[in-house]
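Asker: Please see the structure below; I have some questions.
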Amino acid sequence: QVTSFQGVAVRSLSTSSPHEHPEHGRLVYKGNLAKMVLGVKFFSYSTSILNLFMMPYIMLKSGIGVESLLMQAAFYGLIGVFTFVTPVTLHVLTKGYVIRLYYKDEMDTYTAITYNAILAEKATVFHQKDVEIPDITKMFTTFYAKTKSMLVNPTLFPNPQDYNHLMGYDKSSLFKLEEVKEADESK
């Protein structure tokens, strides 16, 4: 494959498709909010760090040290909420958002790529049998993989069969019916 880049020929020696990852397998899902989640978390972290560096200057120039104890507590509480609670809340809400999901056919394993607390990509490897669908639909949770909450958008799977296999919807209902009959007979 040869691609022209500003008059210079660039040759690609890759034998795998752009949707293949040698370590994780075939790309079956790509979240469309990945850049937005990263941007919001980065903005929140950067404003929190700015708040921490600006606090001594603001306290010296505002004369807050002279005011009453109640005013100091209210001021520090408000700053603390924006400095610490907002980034922690954002992380808790978005830690399960799946940026990319890969599938290895030969091992029947999935690799979910999410962002961790320091905005680095984190890979979680799990089998389809580890997927558990919550009984009650929960906000920010589509399924659990090894008890870790994961959020995906089913409409973003290019191949609906990949989503069906992930969630276990492709398994025959006859197997489940037979399991119920066997459980009833053993009682």
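Positions of Cβ are set from backbone N, Cα and C atoms, glycine also.
Bear in mind that the values here come from a model prediction, so they are computed numbers and not experimental data.
Positions annotated as region 'Disordered' by TrEMBL: 1-23. According to TrEMBL, the feature compositional bias 'Polar residues' maps to 1-17. Residues annotated as transmembrane segment in TrEMBL: 36-58, 70-93.
Please situate the listed features within the shown structure.
Answerer: Nonlocal intrachain contacts for the transmembrane segment (36-58), taken as residues 6+ away from its ends with a CB within less than 8 angstroms of a stretch CB, comprise 64, 79, 82-84, 86-87, 90-91, 94, 97, 99, 115, 119.
Long-range contacts of the transmembrane segment (70-93) within the same chain, counting only residues at least 6 positions beyond its ends with a Cβ under 8 Å from a Cβ of the stretch, are 40-41, 44-45, 47-48, 51-52, 55, 64, 117, 140.
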